[in-house]
Amino acid sequence: MQFLNIFLSSVGSIIVLFLLTKLIGNKEMSQLSMFDYVNSITIGSIAAEMATSLEGDFFKPLLAMVIYGAAALLISICSMNSIKFRRLVGGKALVLLENDKIYMENLKQARIDVNEFLTQCRVNGYFDISDIQTAIWESNGKLSILPKAVARPVTPQDANLEVAEEKPGICVILDGNIMERNLRHTGNDHVWLEKQLRAGGVGNVRDVFLATCGKNNALNIYLKLPDKPQGDMFQ
């Protein structure tokens, strides 16, 4: 009987967690504020307690999960409608370096030292901070860098070149199945697709693992390969 109670309460807690996640919104760990992070851990702990409780009292932990979820949703709504409240909950961006000047007070406020700052610069690809015009510590704990004009890569605009706009590749075949809606979105049909497959030496669409329609309306085909790559560099 206890195993049945644990099974049912576990399923119930998973359903509640799923509903709360959809209600609050999906976010990556790096996008969570400190409150969101602590709140998520708390809700997870309550769900675990609800699943393993042998007393059979599921209403109290369920109510607690709903209250924490409602609090997170309310704070999220208030943050979207109030800049002051958003800064209070999530913090604000801090300028750590600008015009070859490092602001020590902002480093202290961000709770990082010079070594951590230099590490983050290297992670972003800047091993010489003299190449950096502005470095900003974002509220999500990441470092954003604006390089100096002489240190940034040359763009077509710098060279006065006109380039055509590119579109993202659209998946038209996935694991041997034709994605009908995506195919129509590209403006093509089955006749075009079959012609492109024949041109690529493919006789059966089932042999295609992935096919995308990219720039210039070209079809990029990736076949199903049962064998491992020869000379795997990671072995």
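Even glycines carry a Cβ here, placed using N, Cα and C.
As annotated by TrEMBL, domain 'YetF C-terminal' applies to 81-212.
For 6-25 (among others), the entry in TrEMBL reads transmembrane segment.
Here TrEMBL flags 62-83 (among others) as transmembrane segment.
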Long-range environment of the transmembrane segment (62-83) - Cβ separation under 8 angstroms, sequence gap at least 6: 12-13, 16-17, 20, 23-25, 35-36, 39, 42-43, 46-47, 50, 89-90
Chain residues outside the transmembrane segment (6-25) and at least six past its termini with a C-beta under 8 angstroms from it: 43-44, 47-48, 50-54, 58, 61-62, 65-66, 69, 72-73, 76
Per-residue pLDDT averaged over the domain 'YetF C-terminal' (81-212), given as an integer: 90
